[in-house]
Amino acid sequence: MSSTTQAIIEASKQHPKPADKSFGYGTAGVIPDEGVRNSVALTTSPSNENRNLLDSVVYRVGLLAALRSQNLGGKTIGVMITASHNGPEDNGVKLVDPMGEMLEASWEVYATTLANADSDEVLAEEYTNLAQKLSIDIDPESAAFVRPNVVFARDTRESGPALVQALSDALEAVGANKTDYNLMTTPQLHYIVRCINTEGTPQAYGEVSEEGYYKKLAAAYNKLMRGVPSIGEVTVDCANGVGAPKLRALAAEIGESFQCNIVNDLIDEPSKLNSQCGADYVKTQQRLPPASHAAPLARCASLDGDADRLVYYFNDSDGTFRLLDGDKIATLAASFIGDLVKAAGINTKEKTDIKVGVVQTAYANGSSTSYITNHLGLPVICTPTGVKHLHHAALKFDCGVYFEANGHGTVVFSNAALQVIAEHEAESPAQATALENLQALVDLINQTVGDALSDLLLVEVILAHKRWGPKEWDATYTDLPNRLVRVEVSDRTVFKTTDAERRLLEPVGVQEKINALVGKYKQGRSFARASGTEDAVRVYSEAAERGEAEELARLVAEIVAQY
Ligand code: NG1
Ligand code: ZN
């Protein structure tokens with residue numbers, strides 16, 4: 001047995017896997033097969049088996065991160081410890097690939113294999129097998145040994161530091177170089193990973209530091225706001241999470257051109273994380289966080305617990321709550337960018353040098369899809385749920401705008417588009433201004449992953465340029481009434497979908513029943529799919545009238561519940 005495998009076994013004894021648990025890599029990272037909410041649940045009581053549950057997963061994910069780095073010639077891999085929008089007692093772990101993307105899909109199965117190894121010895125064996133399969137030399141004494149490079153960060157959850165220890169133990173066992181970035185938002189870690197791996201190349205993404213992140217965004221924002229009158233303060237609910245101190249630092253770096261009122265910033269009270277506040281609360285409850293008091297027509301926004309989701313909302317003059325979700329952010333961004341490439345003279349009637357497109361999931365409101373196609377005249381792709389699918393599809397465009405309805409998304413530019421934007425020659429002062437704005441926009445947007453802080457600045461810039469309040473933005477199109485229901489079933493794996501999860505293949509006959517129901521409703525649409533993060537099937541429906549959307553959801557849920 002090599003010294004590395006010996007070290008893996010020794011350290012693994014500190015992070016044992018509970019015997020009766022199994023794991024899979026879901027829409028949000030490694031999760032137990034019975035699906036404990038998003039990512040992996042963890043309670044803070046040391047005696048609770050859930051603690052060991054996540055402890056072993058993080059330890060093993062640390063081993064995998066090192067292998068991933070070695071497999072890519074020593075490129076830096078990121079590990080983020082967070083359970084995003086979920087409760088404070090949950091936690092989870094995700095890997096970040098070298099360009100700041102999510103872990104390549106083919107590696108998800110390796111994560112599952114290591115997470116499920118039944119003993120410390122079997123884990124070491126699986127690790128060795130995997131290294132062999134990937135032709136990785138794991139002996140630090142060997143000439144062919146590539147030292148792994150791994151960086152990591154965590155959100156504000158109480159369980160974070162203990163999990164960082166598990167991760168650290170794994171990295172030490174395999175002789176990896178490691179850097180602990182402590183508290184960060186998920187997108188900040190993605191930014192850091194990309195900066196490290198592109199440093200000194202023509203694709204350099206920015207300074208490798210949290211400070212560098214603020215400077216890059218602040219400079220881009222201030223460039224875009226030059227000569228543009230302020231539209232006043234935005235109130236930002238930070239979900240009592242890591243986004244609060246980070247937004248404060250960003251706002252300080254920007255200076256007076258960005259006025260924000262930060263609420264729900266109690267990060268020293270861990271139980272308050274995502275509780276009665278945050279993007280998920282606002283989106284699912286369709287109401288203001290109780291602690292927020294929004295004046296009529298005042299812009300409000302909410303982040304989630306790791307600041308990768310953003311939704312906007314406001315109270316109308318008559319007091320009704322209006323949500324501006326990921327679909328509204330996507331349409332706003334796509335229309336602004338579409339106009340800019342035209343104003344810069346890059347796209348004209350004769351040529352489309354930068355093809356702009358939008359990527360959504362089946363949960364996008366039908367009205368948003370029609371608006372993009374019919375009003376903005378842009379192509380739309382629908383993908384399965386999970387940002388990795390959206391991100392991948394967005395790369396098919398020169399400029400791909402992707403958002404989930406829940407507010408997770410960003411804009412990605414192809415290398416060809418970046419080159420056009422950098423080299424295009426403006427033929428008038430107006431074109432020159434548009435081009436400069438486009439160039440600044442590329443820096444303002446965190447292209448690695450959906451980033452609530454970057455998206456917040458993006459929306460603020462667009463609204464200021466358009467001189468729009470939330471009501472004008474909301475008026476671009478009217479959402480169809482919709483309903484999302486969670487249905488508990490005995491075995492969610494029997495639900496198999498096709499067509500970007502919009503139709504069921506199995507159980508056989510169910511789709512036909514759904515179709516028959518949908519046909520009875522004006523502008524009716526409904527689909528059912530197994531959740532990737534919870535042990536349930538989700539049913540979504542929309543229709544022309546609220547009552548009809550509700551009824552359709554109820555009836556489809558009744559069909560699903562029979563399985
Ligand atoms: P699942 O549980 O697979 O529906 C949920 C969200 C996704 C995504 C993931 C990961 C809905 C309907 N689903 O996935 O959009 O955010 O969690 O966090 O919002
Ligand atoms: Zn999140």
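Positions of Cβ are set from backbone N, Cα and C atoms, glycine also.
Feature list (source: TrEMBL):
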REGION    1-23  region 'Disordered'
DOMAIN    76-105  domain 'Alpha-D-phosphohexomutase alpha/beta/alpha'
BINDING   S84, D304, D306, D308  Mg(2+) binding site
ACT_SITE  S84  active site, phosphoserine intermediate
DOMAIN    148-199  domain 'Alpha-D-phosphohexomutase alpha/beta/alpha'
DOMAIN    212-311  domain 'Phosphoacetylglucosamine mutase AMG1'
DOMAIN    325-468  domain 'Phosphoacetylglucosamine mutase AMG1'
BINDING   E404, A405, N406, R529, A530, S531, G532, T533, R538  substrate binding site
DOMAIN    484-558  domain 'Alpha-D-phosphohexomutase C-terminal'
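Counting C-beta pairs under 8 angstroms (sequence separation of 6 or more), the domain 'Alpha-D-phosphohexomutase alpha/beta/alpha' (148-199) fails to reach the domain 'Alpha-D-phosphohexomutase C-terminal' (484-558), with fewer than 3 such pairs. The Cβ of D304 (Mg(2+) binding site) has S84, H85, A239, G241, G243, N274, G278, A279, D280, G407, A452 as same-chain neighbours under 8 Å, each 6 or more residues away in sequence.
With a threshold of 8 Å between CB atoms, the same-chain residues lying at least 6 positions outside the domain 'Alpha-D-phosphohexomutase alpha/beta/alpha' (76-105) that come near it are 28-31, 36-44, 54, 57-58, 61-62, 64-66, 68-69, 111, 148-155, 157-160, 163-164, 167, 184, 186, 189-194, 196-198, 205, 239, 270-275, 278-280, 304-306, 308-309, 387-388, 391, 447-449. The maximal spread of the substrate binding site, taken as the longest Cα to Cα distance among E404, A405, N406, R529, A530, S531, G532, T533, R538, is 18 Å.
As a whole-number mean, the pLDDT of the domain 'Alpha-D-phosphohexomutase alpha/beta/alpha' (76-105) in this prediction is 94.
D306 (Mg(2+) binding site) sits 16 Å from E404 (substrate binding site), taking the C-alpha atoms as the reference points.
Across the structure, D308 (Mg(2+) binding site) and N406 (substrate binding site) place their CA atoms 10 angstrom apart. With respect to ligand 1, the binding-site residues D304, D306, D308, E404, A530 contribute E404 as residues with a C-beta closer than 6 angstroms to one of its atoms, given in sequence order. Taking the centre of the Cβ atoms of S84, D304, D306, D308 as the Mg(2+) site, the nearby residues of that chain (Cβ within 8 Å, site residues left out) are T82, H85, D155, T185, T186, G241, A279, L303, G305, A307, R309, H408, A452. Taking a Cβ distance under 6 Å to any atom of ligand 2 as the criterion, the binding-site residues S84, D304, D306, N406, A530, R538 reduce to S84, D304, D306. Listed in sequence order, G326, Q360, T361, Y363, T385, V387, L390, G450 are the same-chain residues six or more apart from E404 (substrate binding site) with CB atoms under 8 A from its CB. Following the DSSP three-state reduction, the secondary structure of R538 (substrate binding site) is strand. Residue counts of the domain 'Alpha-D-phosphohexomutase alpha/beta/alpha' (76-105) by helix, strand and coil are 1 helix, 13 strand, 16 coil (DSSP-based).
Taking the Cβ of N406 (substrate binding site) as centre and 10 Å as the limit, one finds 24 other Cβ atoms among all the protein chains shown. When Cβ atoms from all protein chains are considered, those within 10 Å of A530 (substrate binding site) total 22, not counting its own. DSSP classifies D304 (Mg(2+) binding site) as coil under the three-state reduction.
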